[in-house]
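To start, the structure under review is shown below, and the notes come after it.
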Amino acid sequence: IVFRAAQERSDIEIVAINDLLDAEYMAYMLKYDSTHGRFNGTVEVKDGHLVVNGKTIRVTAEKDPANLKWNEVGVDVVAEATGIFLTDETARKHITAGAKKVVLTGPSKDATPMFVRGANFDKYAGQDIVSNASCTTNCLAPLAKVINDNFGIVEGLMTTVHATTATQKTVDGPSHKDWRGGRGASQNIIPSSTGAAKAVGKVIPELKGKLTGMAFRVPTPNVSVVDLTVRLEKPATYEEIKKAMKDAAEGSMKGVLGYVEDDVVSTDFNGEVLTSVFDAKAGIALNDNFVKLV
């Protein structure tokens, strides 16, 4: 997904990929995707490397990032997407190998700072290793920031209705740490834990200790929903909340936050480039201080 997204931008050039897959299989997986469809471009393999749209991309299969010799291909930024090297100590091996900066595609497991578009990008101070947090945090944080900035959040609970992920089982299987997580993904709605809401407190310090949440894993291949239920400091009608969200989507958070009033469903957002989309028709207010937002 990172690779496909990069192909849509003229200011990013992929020069190298490290994966334990061989180049032929890597090319196959790039060409064909059950969720996102065929790759819009040419893909071939030459001398053990990928050639995409005529550009050669170095392919390696190193288990230790310190051996990757990123300096040989002029790497500026590494997208660390294995889910394994999520601390400063382990991710710094990419710096040792010659990269200038590293972006972790999941939440860091130590004090490595997390930055989320629409929440705290303005706080970035040139750190060489950062985390982009989780997909759920990226969806929740812009929404929570708009609400907190305009009305104040006293406290809140989040539920994410989350699409199936690769870590789940196709049929029931052993899962010693998470028994429910071992049940068949296509057969069940599976309650699960998530640190996404608490992570919002790391990127928006004013919300630290005010949010927590849980997840339901559901049998859909892509697109997830965040349901945020909050108690507001400043009373607001649902129409006032909608206006604040629309103003942000068209103003300060344009390109990050979306606003929709159509009768949409999850597949309408397959391939969505915005971080978060507020569904104006899906939310509901109990009163002017207690609301559910989607």
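Positions of Cβ are set from backbone N, Cα and C atoms, glycine also.
Other C-beta atoms found within 10 angstroms of the C-beta of Lys63 (NAD(+) binding site) number 9, with every protein chain shown included. As annotated by Swiss-Prot, NAD(+) binding site applies to Asp19, Lys63, Thr105, with the evidence given as similarity to another entry.
Taken residue by residue with DSSP, Arg217 (D-glyceraldehyde 3-phosphate binding site) is part of a strand. Sequence annotations record features per position, and here Swiss-Prot assigns D-glyceraldehyde 3-phosphate binding site to Ser134, Cys135, Thr136, Thr165, Thr194, Gly195, Arg217 based on similarity to another entry.
Here Swiss-Prot flags Cys135 as active site, nucleophile. Less than 8 angstroms from the CB of Cys135 (D-glyceraldehyde 3-phosphate binding site) sit Ser224, each of them six or more residues away in the same chain. Under DSSP, Cys135 (D-glyceraldehyde 3-phosphate binding site) is assigned to a helix (H, G or I) in the three-state scheme.
DSSP classifies His162 (site 'Activates thiol group during catalysis') as strand under the three-state reduction. Among the features that Swiss-Prot reports, site 'Activates thiol group during catalysis' is placed at His162.
The annotation region 'Disordered' is assigned in Swiss-Prot to 169-188. Mapped onto DSSP classes, the region 'Disordered' (169-188) shows 3 helix, 2 strand, 15 coil.
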Query raised in the report: Compared by Cα position, which of the recorded positions Ser134, His162, Gly195 is the closest one to Thr105 (NAD(+) binding site)?
Result: Ser134
Query raised in the report: Which one is it: of the binding-site residues Thr136, Thr165, Arg217, whose Cα lies the shortest distance from the Cα of Lys63 (NAD(+) binding site)?
Result: Thr165
Requested in this report: Find, among the binding-site residues listed as Ser134, Thr136, Thr165, Thr194, the one whose Cβ has the highest number of other Cβ atoms within 10 Å in the structure shown.
Outcome: Thr136
Requested in this report: Enter the number of other CB atoms within 10 angstroms of the CB of Thr105 (NAD(+) binding site).
Outcome: 17
Query raised in the report: If you measure His162 (site 'Activates thiol group during catalysis') to Arg217 (D-glyceraldehyde 3-phosphate binding site) at Cα, how many Å is it?
Result: 5
